[in-house]
Amino acid sequence: MATNRVKIGGAFELIDHHGQHVTDRTYRGRHMMIFFGFTHCRKVCPETLGKMSDVLDRIGSRAEAFAPLYITVDPERDDPPRMKEFLETNFPRFTGLTGSKEQIEAVRSAYKVFAQRAADEDDPEGYAVPHSALVYITDRSGQYLTHFNDGAPTEKVVRALQAVWES
Amino acid sequence: MTTTVSRSDGNAAHWLPTGAEALPLLDAKQIGHLRHIGNLARQLDGDWSRMGWIEAGQEYINAYRYQLAWMAYALGIAHFHRLPGAPGAFKQSYAHLMRKMLRYDVWNYWEHTSKSGPFFDADLTELREGWRDPVVKENIMYSGHVHAMAGLFGVLFDDDRYEREGGLTFEFKPVFSSGAESFVYDLTSLNEVIYWQMVESGFLGIACEPNMVFISCNQFPMLGFRFHDVRKGTEFADEVTRAYHAAWERKGWVTNDDFFAYYYVKQDYTVGAENSYSATILNSWNPEFVRDLYPRQLEKGFIEPEPGMLLPRPRLITGEYVEKFERPDSGVGLAALWFSEMGDAERLEKILCYADTYLNPTWEKGGLYYPRRDEFYDADGRFVYVDPWVGNALIAFSRMNVPDGLHKLYSQPWDKAHFAEPNLADVSPFIDVLRAGYLSDASALVVTVQADASAKGRTAQLAFANSAQGSGQWVLERDGARLLAGDGASVNVHDGSVTGSIEDGLLVLDLPVSGATDLVLWVNQ
C-alpha cells in the first residue's frame, strides 16, 4: 500500500505578459521558478521578486536553466499589459502569467496557494489580495522539487538553486 | 574491582552518588497518575473503561483522542522533566496509547463530521460529500495530535517506528460490508499533509470541524513540526510559527474579552473560544506572547470558593463556544494545565486542592484519577462535574508538568548524547519508577523503584541500556550493596537474591522488589 503524499503543482494553461498562450509544457527543459502575487502588492511581491532576481544574478549563467514566472492571484486587474509594465520596469527576469478566474483558481489550488481578497486600508477604492509568499522550484519536466519561504536567507536559496542546477 | 567515585555527604543516603539529591523524586500522587495512565493504556483494544462520556459520537472535547493525546503528553512531560533516565517506564504505555489513537474507534466520527452542517457553517445549503481518511484534510483536532504524539515519541525515545513507511496507518476493516481501506502515512507524509494545509490557509490554521479553525487545536501541529525538525533535520517549525504568528496578528488573536478566537472560515468571522487551553500549548513556542496576556486573561474567570482553593468561574473559562453549545466544560483541568505551564504554583496548588477535596480523587489498581461525574453541582451547591479528559489526563499532566515544561521540551529537546547515556530501558509493568537520572559527573545512573500495591515482593525485571561506557566495566548496587558487576559481555552476581545477564546489549536484572529501592548503576569503573 503506497504512502499518501501531497501533490504540489501540475498542469496549467495561462497567458503570459506578451499575450501568448502558455502551459506548463512551454517551460519544459528549464526549472520553473514560480511565485504567486499581484502587481498592486506593496510589500511581499516587491521584496520576493527582488530577492529572487538577486539570487538569479548571483548564480550567473546557471540562471539560464530557470524560468522565473510570476503568476497573478488578481486576474481581474492583472491583465498582460499591466503585468508586462510592472515586471519589465522592476523585475525583468520574470515573466508574468495571468488568465481567467477559473484558470488562476486551478493553478493556485494546484500549488496550495492562499489568496483572499480583502479591503486595502491605504486604498479605499481598491482592494488587496493577501497571499502566500512561497517560491516553488520544479524539475525540468515541471514536477515540483522544492520551495522557499519569504524568510529563507538569500545565501541558502543561492546554494539550493546551484544544487538544483547540478542535479 | 572497587568503586572509586565520590559519594554524597549531603542529605541523600550515603551510598548514593553526589548529585542524586537533586534528581526529582515523584510523590505518591504523581506515581498514582502514571499508574492510572498505564492501566488505561494496557486495557485491551476496544476496552474504553473509565474513558467513556455522555456524548456517544466521539466528536466533543472528551473524545478518546483528547484523552489519549493528553495522557501521552503527560507521560512525555514526566519522562522529559522528571525521570529522564527511565524511558522504559514510559515507552510501552506511550506506544499502547499511540496504537489506540490509530484505531477506527477513535477516528470513525470523521466520515460523518466531514459532511459539515449548520452547526459549523450557517450558510451551508447542502451537506458536503464526507470522507473517511481522518488526516488527509481538516480534522486537525485529530491529525494534529497524531502529528505531535508520533513526533514526540521519536524525540523522547529515539525510536523511528512511526517514521517508517506505513508507521501511521489508519485502517477501516468492516466485518460484514465490503470496502476495507487503509490510509497509509508516516510522520513525514503526515507532516507534509498538515504543512500544505497550513500554507493553503494563509497560516491561519486548519479546520477542526469543517469551517471552524481553533487556535488551540492548531498548536499541536506546531509541536509536530518541531519534533519532525528534531528527528529529520528539517526547518518547518520556524517557518510555520513565524507565518502563523503574523497571520493571527493581522486577524486578531483574542476577542474583546481576551479569549482566544475560533474562526469561521467562510464567514471570515471570529468568536471567543477559551483562554487556558490555547495559552498552555502556545507557550511551547510563543512564551512571551502568552505571558503578556496572562494577567489580563486571569482577571476574567476565577473564584475562591474556600480559602486555599480556586475554581474557574462557571462558563467563563471556556468562553462563548461552550456557552453557545450548552456543553459542560473542562475548566478545572484546563486551568490546571495553564497554571502548571505558567509556573503559577500558588494557583495550581489551589485548583488541585479543590479537585482533591471535592472531585472525588480515587485510587484504583494503584492508579489515581478523578472519576466521571455528570452533575454540575452537588446538594451543597459545589461544582463537582468531572469529565474523563480532566479526570484521566489533564490533572495528571498538570501534576507532572514543570514551569515552562512544554516550552522547554519544544526549545531544548534531548540530543544524541542523551540517548547514549545509561538508562532504564525496560521495566516490569507492576513496578513504579520514582526516580531515574544519569549523573554524568559521577558516571552513575540512579534509579528508585517500588512495586505497586498488588505486587509487593514479586520479582521484577529491569533492563539497563548503555551500561558499557568508557572502560566498559560497571557495578550495580542496591541500597549501597553490590548486586552485580561486569562489562558489556559478562555479569558477575554478588547477591544470591538476584540474577543478571546481558541480553541484546542490555543489562537485565531480576530482583524482588517491595518498598522503595535505590539502585545505582556505576559505569566506566
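Quick reminder: no glycine exception, Cβ is built from N, Cα and C everywhere.
Caution: TrEMBL annotation is automatic and unverified by curators.
Summary of the site annotation: TrEMBL records Cu cation binding at A:Cys41, A:Cys45. Screening the candidates A:His131, A:His147 against this entry identifies A:His131 as the one listed for that site. Sitting within 8 Å of the Cβ centre of A:Cys41, A:Cys45, A:His131, and not among those site residues for Cu cation, are the Cβ atoms of A:Phe36, A:Gly37, A:Phe38, A:His40, A:Lys43, A:Val44, A:Thr48, A:Val73, A:Val129, A:Ala133.
In the three-state DSSP scheme, A:Cys41 (Cu cation binding site) falls into the coil class. Shown in sequence order, A:Ala128, A:Val129, A:His131 are the residues of the chain, 6+ apart in sequence, with a C-beta less than 8 angstroms from the C-beta of A:Cys41 (Cu cation binding site).
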